[in-house]
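**Q** When I checked TrEMBL for this same protein, it listed these features:
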type	residues	note
TRANSMEM	A:65-84	transmembrane segment
TRANSMEM	A:111-133	transmembrane segment
TRANSMEM	A:139-160	transmembrane segment
TRANSMEM	A:172-193	transmembrane segment
TRANSMEM	A:218-241	transmembrane segment
TRANSMEM	A:262-282	transmembrane segment
TRANSMEM	A:326-353	transmembrane segment
TRANSMEM	A:374-396	transmembrane segment
TRANSMEM	A:402-424	transmembrane segment
TRANSMEM	A:445-463	transmembrane segment
TRANSMEM	A:469-487	transmembrane segment
REGION	A:653-681	region 'Disordered'
């Protein structure tokens with residue numbers, strides 16, 4: 001199967017895996033960490049900045065609250081990580097929050113979680129790409145000058161890659177993620193060394209600016225509200241934590257234990273980086289504002305609308321490493337890359353969740369088929385379209401997009417943790433072993449605290465961000481929820497309609513005989529083949545049927561029929577208005593009226609061609625006829641294909657498509673219970 | 001079949017015709033004239049103006065050549081009308097220029113004519129609409145200020161009307177056309193009366209302007225060239241003459257004689273109106289320029305780019321009737337309406353020619369079906385798209401669009417008349433009756449002169465207009481020609497490939513037995529029906545096949561199968577990666593390998609639903625599987641439909657579509673040899 005053209009691809013992404021070998025690709029922890037954590041780790045590129053941005057509303061003096069907000073985020077992160085370690089142990093099948101909520105709280109809670117996650121996948125793409133573009137822009141000004149264009153271009157690129165089915169290997173994720181993590185840690189360490197040991201004064205490029213407070217001297221409730229808003233923005237660092245709970249099956253054994261340790265490691269890395277960046281931002285006097293053009297002043301005059309505010313991480317890197325230095329460039333590139341990888345994770349998560357939802361008949365059934373290219377394509381295009389829409393509407397401004405973010409994540413956190421509490425309650429009702437009961441009670445306490453805390457954060461996020469954009473996210477959730485409910489209702493109605501009656505052979509009038517009709521236009525190979533096949537089927541009656549649209553052609557057909565001595569009666573229907581479909585339908589209806597207990601079998605010779613434009617030149621009448629025949633009761637329609645030479649090309653393309661590998665399979669792990677494909681009857 | 005909602009439609013367009021009654025709708029001459037002549041008659045609304053426009057390049061003094069140009073156009077018109085009267089008698093079947101050229105000059109000439117006519121249909125729409133908008137604009141300034149927008153809106157409106165299948169009655173054409181003709185004649189008569197009898201000085205609104213000649217004092221070759229260019233533009237009055245030769249079958253008997261008289265009447269009306277308008281324009285001192293903003297001067301200063309040059313017909317009407325007078329408004333409205341009707345004729349001609357070309361396999365075969373809604377839709381949308389493109393590119397400027405026009409018409413005139421000369425030569429070779437021979441020789445002389453004259457005009461048009469835009473029309477013709485040749489080649493290749501071998505039963509390996517497979521996912525009504533139908537077919541082997549994607553579901557299926565005692569063996573294929581298509585294809589291939597002389601029959605239960613979005617929820621896997629199976633040799637695929645309740649709605653829609661009437665059937669007349677639909681075997 002290996003071809004010359006495969007060589008560059010093999011070099012790029014490793015030897016193509018036979019799908020029954022997928023079981024061998026389980027992830028060791030050192031690869032699982034970057035594969036799953038690019039989303040939460042990358043969020044430290046924008047989360048600290050958002051905190052400072054919100055605080056600046058009350059002036060630079062409010063910046064001194066930022067360590068407290070960092071502490072709150074750290075506590076939240078520990079809570080969430082601890083909670084999800086319980087999930088991972090209790091639900092090792094990888095169903096994630098949707099499974100936990102559905103099992104323990106019922107299908108409506110599950111569907112709510114699913115809607116929230118779908119919205120959040122869209123936002124992960126939009127926010128990560130916008131932020132990646134901003135980070136790239138701190139090194140390459142062109143990018144930031146054409147923000148929307150570049151963001152859309154990156155989304156299109158990612159979409160094409162995922163549609164083509166580039167199978168990311170773990171290494172593809174590992175290198176930029178580790179470079180990014182190492183870069184941030186080196187920055188924090190070198191900054192601490194320079195500041196604390198050498199006593200250097202490091203100055204961020206914005207250190208000399210002053211911030212005009214929109215609300216000077218905020219106090220009381222207003223101040224608390226502002227701090228809560230800053231905290232909400234900082235919570236962006238939490239997104240993507242649930243990814244590991246979806247990916248347990250992809251880990252090496254012991255799966256749950258390894259997943260839990262990876263989760264803990266990820267949490268530790270994320271909070272360290274988050275706090276380190278906040279600390280460096282404080283000591284290098286980074287100044288940020290929600291409206292930088294108006295509210296940032298240099299020597300008392302506003303910087304004007306032309307001013308571009310660089311992300312905190314790049315300002316800090318500039319202060320620590322120096323502008324344009326090698327490490328500065330490397331960190332900017334790694335940051336952008338890890339953010340694009342984070343966006344890419346949504347391209348995997350969205351169709352995967354879709355496939356699980358399809359299994360529960362909330363989405364079209366065909367999405368259920370694993371690695372089905374068409375199903376993936378639909379999901380990917382939907383995701384990309386929604387993300388592009390958001391990016392264009394919000395001008396690829398990560399700060400404005402973040403207002404929409406997080407709602408979904410915290411809906412899902414809260415419901416999942418609440419579900420876990422129910423889970424332990426149920427198990428405690430039957431469990432008698434005191435050691436196990438102790439562990440369960442401990443887990444329940446963790447999950448209960450997690451549910452309480454994440455629920456609180458959800459309320460805070462909704463309260464502080466609703467008018468800033470969270471309503472858009474809620475609207476998206478409602479749309480997903482409504483659509484999926486409608487689809488499920490449709491399937492339920494149909495499944496009731498088609499349920500087999502309990503008494504066998506209750507079906508009103510069972511056909512007793514079959515009358516076969518072969519449609520004929522000329523005597524050529526496809527017709528002869530259709531006739532031969534129809535004869536094989538030994539129906540009770542067999543006739544050939546032709547529509548006369550041109551008397552000369554009809555005459556020629558009749559003569560040819562006789563000359564060849566074809567032993568099937570040929571019936572000819574006149575159609576003075578050159579219609580094909582109507583006379584056939586009427587003829588079939590007539591047959592049914594005459595003998596209602598007969599079934600009619602219509603054989604249509606069909607051409608199989610290689611290109612879509614060739615398809616336009618053939619079979620169109622047959623297709624339309626078939627469409628109409630399907631509405632006529634008591635009819636079955638048989639296509640007898642005749643493969644034209646040009647169909648060889650299409651056959652090869654189809655084979656290539658069959659060898660296609662779904663993107664994201666690395667994260668998903670093998671399907672439960674992989675077996676050697678075997679036939680049993 | 002009549003419904004309440006049909007009442008308004010019936011009032012608007014008359015009682016719906018059963019298509020077998022189409023034969024009764026033959027046209028009397030008084031209706032045939034407006035139905036066929038709206039295109040050539042309406043062109044007097046722009047042709048005289050184009051003549052003056054071109055002459056103005058040499059200054060107002062050149063205007064005195066315009067009567068001579070009018071004379072040349074009149075001679076040409078008489079020649080063309082006389083020539084086509086011969087066509088109408090010789091080819092009463094309505095095949096038109098394409099048939100004449102193909103029969104007498106061969107298929108390449110025929111295809112050239114067809115390409116030329118297709119291009120000209122597009123230009124008829126673009127030019128007529130642009131000119132109609134300009135005429136409407138002389139009464140309603142808003143229209144001329146938003147020319148492109150309004151022109152596109154009218155095209156879209158016409159397109160929607162034609163897609164919906166509004167069946168124009170003869171009266172719809174008659175009223176505006178007669179109002180227009182009457183209006184122009186009243187204008188000419190009233191103008192002549194005022195000028196010659198009353199001695200009034202009538203002044204066109206532009207009479208006081210002077211024209212700055214781009215080339216002062218042209219002489220010799222340059223002057224001749226300019227006069228030829230002006231003549232070419234005047235030839236726009238000739239377009240649409242060939243329409244009657246396509247429409248002979250729509251006339252009452254004696255068809256050919258009536259068509260010939262209508263042709264003569266149309267020619268007489270057109271030249272009278274053309275000359276009358278030129279004469280009035282001269283006597284009211286209309287001033288026009290190619291670049292009115294620069295080259296029209298008022299008291300020595302240019303009028304500037306804001307100036308809008310009104311069409312000659314409206315300037316003359318203003319001079320004769322007075323600006324804003326009742327008759328002025330009526331004439332402007334009738335002119336615009338008759339131009340829009342002229343555009344509408346192309347909407348009928350384009351699909352009709354397409355259907356004839358499809359019959360000769362230059363276009364997809366399904367276009368051949370008369371009154372096939374889909375075929376018409378494709379043609380109409382293609383025509384409208386091309387016209388919109390031209391209108392937008394050329395800013396809905398009729399003067400610029402006319403540069404592209406006429407080339408096609410004269411290509412078709414010249415080839416058709418040359419073909420007629422051959423036609424008479426062929427008949428003269430066998431005809432012995434001296435009286436008939438005399439008539440033939442006379443006809444041949446007329447056609448020979450027609451061929452010579454129209455050929456000369458074609459050369460003149462190409463020489464004078466090539467760089468002005470005629471090259472675009474030629475390019476369009478080349479594209480149509482190339483596409484149609486390629487399609488014909490494809491059909492020829494396929495037809496050779498599928499030609500039945502002369503010895504019966506030469507087909508390599510004829511299948512001897514048939515192995516039937518019913519695809520099963522669950523035991524429900526559609527499955528039970530498919531099983532029942534498959535059993536009826538009495539194949540040599542019958543088994544049910546299910547793909548196991550979920551062990552629990554498979555177990556339930558097996559139990560249900562046994563519980564119901566279904567006497568068909570159930571085979572289950574494991575698919576650990578949840579694929580459906582691949583295991584089935586491999587299984588079928590395996591069966592074929594084991595017994596290559598067996599044919600495989602695959603029965604697929606299919607859901608029939610009522611809405612396209614419901615279709616997305618069903619049958620998708622079946623569809624894709626079917627697509628792959630068709631490439632597998634030795635397989636036939638049978639769809640066993642199960643009509644869900646919601647399919648009732650779709651059935652009704654399909655029935656409504658079947659009752660649809662093709663637009664333009666009035667012009668086309670009944671199909672040759674209409675008969676009562678009858679069955680014969």
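Cβ coordinates are placed from backbone N, Cα and C, and glycine is handled just like the others.
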**Q** With pairs closer than 6 in sequence left out, are the transmembrane segment (A:402-424) and the transmembrane segment (A:469-487) joined by 3 or more CB pairs under 8 Å?
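**A** Answer yes: the transmembrane segment (A:469-487) meets the transmembrane segment (A:402-424) with 3 or more Cβ pairs below 8 Å.
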**Q** Applying the under-8 angstroms CB criterion, which one of A:111-133, A:139-160, A:172-193, A:402-424, A:445-463 scores highest with the transmembrane segment (A:262-282)?
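**A** That would be A:172-193.
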**Q** Could you check whether the transmembrane segment (A:172-193) packs against the transmembrane segment (A:65-84) - three or more CB pairs closer than 8 Å, residues at least 6 apart in sequence?
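**A** They are not in contact.
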**Q** For the transmembrane segment (A:402-424), find every same-chain residue at least 6 residues outside the stretch whose CB is under 8 Å from a CB in it, and list them.
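**A** Answer is 46, 50, 80, 83, 86-87, 90, 96-97, 100-101, 103-105, 109, 112-113, 116-120, 123-124, 127, 232-233, 235-236, 238-239, 242, 390, 440-441, 443-444, 447-448, 450-451, 454-455, 457-458, 461-462, 465, 468-470, 472-474, 477.
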**Q** So, does the transmembrane segment (A:65-84) come close enough to the transmembrane segment (A:218-241) to give 3+ Cβ pairs below 8 Å, pairs being at least 6 apart in sequence?
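**A** Yes; at least 3 Cβ pairs under 8 Å.
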**Q** State the residues, same chain only, that lie 6 or more residues beyond the ends of the transmembrane segment (A:139-160) and have a CB under 8 A from a CB inside it; answer 'none' if no residue qualifies.
**A** 125, 129-130, 132-133, 308, 314, 328-329, 332-333, 340, 343-344, 347, 380-381, 384, 387-388, 391-392, 395-397
**Q** Take the transmembrane segment (A:65-84) and find every residue of the same chain, 6 or more past its ends, with a Cβ under 8 Å from one of its Cβ atoms.
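**A** For the transmembrane segment (A:65-84), the far contacts come to 47-48, 51-52, 55, 227, 230-231, 234-235, 237-238, 241-242, 244-245, 263-264, 266-267, 270-271, 274-275, 278-279, 281-282, 413, 417, 420, 446-447, 449-451, 453-454, 457.
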